[in-house]
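*Asks:* According to TrEMBL:
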type: BINDING; residues: Cys125, Glu348, Asp378; note: Mn(2+) binding site
type: BINDING; residues: Arg164, His306; note: phosphoenolpyruvate binding site
Amino acid sequence: MAVAFSGSANLTNPKSSLLGTTTRLPLSPPFLSFHVNRRPNAAIVASVSASSSPSTGQTQWSLNSWMSKTAHQLPEYPDAVERDSVLKTIGSFPPIVFAGEARKLEEKLSNAAVGKAFLLQGGDCAESFKEFNGTNIRDTFRVLLQMGIVLTFGAQMPVITGCRMAGQFAKPMSDPFEIKDGVKLPSYRGDNVNAFATGGYAAMQRVSQWNLDFVKHSEQGDRYMELAQRVDEALGFMAAAGIAIDDPQMNTVDFWTSHECLHLPYEKALTREDSTTSLYYDCSAHLLWGCPPGWAYCYLVGDPMHGNTIKAPCGLKTRPFDAIRAELRAFFDVHEQEGSYPGGVHLEMTGQNVTECIGGSNTVTFDDLNSRYHTHFDPRLNASQSLELAFAISERLRKRRL
């Protein structure tokens, strides 16, 4: 999405909002606002630096504007020549996504802002190059497809599916070093040294095949298969009535990539001027945000993950499933009371069978954490917990629709 994000709190003006939506959320994390900023030539920038008008007396925006400001928590590269050489190489490569795709996503998000769509965004807090393989990508994709069909069925509206994937390799750290067992070490900033959406996999006719093996024989797996059977029956009715079910909309899904805009030199190298519109886009992903998890703490989308992290007795970070679900309920309650639209949800989750968040119907306990705790940063919901939340959200969306 071609927007510039700001890290300043801005809850004083109830009309200051994304695409017309107005919501006040009295939840615990600090809220961050973001604004669509335009240059005099109407360029919308997906970058770390906001543009400005000459009338404000501020410096005109440019691709290097951010370099005139103090940037905290960036990795330090002792070999500046090698760093610049790598960035030059990245800058010579084609963009990872295209400006037209970002504009298409922007249009879809405008529908979410007025209650005509719902955004589902999920994925890893920090990706690892070691685990960045086809199987893990496919499994996370499958869970998001499952969650999307559950939400679509409940809300009876389009679901915009986005994933923190293919770029979530950089993480901020307040201190460049940490001390572990008396040894001073550089802080882990992620692995950043830096698909399946077409071709039939996402076809609606395959809805019953998206279930992961370890979820099948569970309460959530059974609920999903029951819903999948109802979808199959609906498709059968449509076919019998002469309604085409081989339409592209029934066989593909728009799947958007997103990540935190944290490694500024890398993001600059992939910021390009669109030749058709003369607008600037950061083409490293379709949707970017700064000041983690800044974009999710806006008026439109609820993030129940970051405000509910606790330390387990064994010393590992975890998140209680009940606390996450309770915050989601509060999110919907506030929107219901205010007469505004719950535009979406952001979850840190994975398709892997991990034990990182406690609770859920297939109860993960404190004692279970060490068995499959694989995250490189923050604890993630596993597939079963993610699907359970999807059903809970679906019920609220269905209630709202009725």
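Cβ atoms are placed via backbone N, Cα and C, with glycine included.
Curation plays no part in TrEMBL annotations; they are all automatic predictions.
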*Asks:* What is the total of other Cβ atoms whose distance to the Cβ of Glu348 (Mn(2+) binding site) is within 10 Å?
*Replies:* 29
*Asks:* Rounded to a whole number, how many Å is the Cα of Glu348 (Mn(2+) binding site) away from the Cα of His306 (phosphoenolpyruvate binding site)?
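*Replies:* Just about 9 Å between their Cα atoms.
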*Asks:* From the Cα of His306 (phosphoenolpyruvate binding site) across to the Cα of Asp378 (Mn(2+) binding site), what is the distance in angstrom?
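*Replies:* If we compare the Cα positions of Asp378 (Mn(2+) binding site) and His306 (phosphoenolpyruvate binding site), the gap is 9 Å.
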*Asks:* Between the binding-site residues Arg164, His306, where is the Cβ count within 10 Å the lowest?
*Replies:* His306
*Asks:* So which other residues, same chain and not among Cys125, Glu348, Asp378, have a Cβ within 8 Å of the centroid of the Cβ atoms at the Mn(2+) site?
*Replies:* Asp124, Ala126, Met305, His306, Thr375, Phe377, Pro379, Arg380
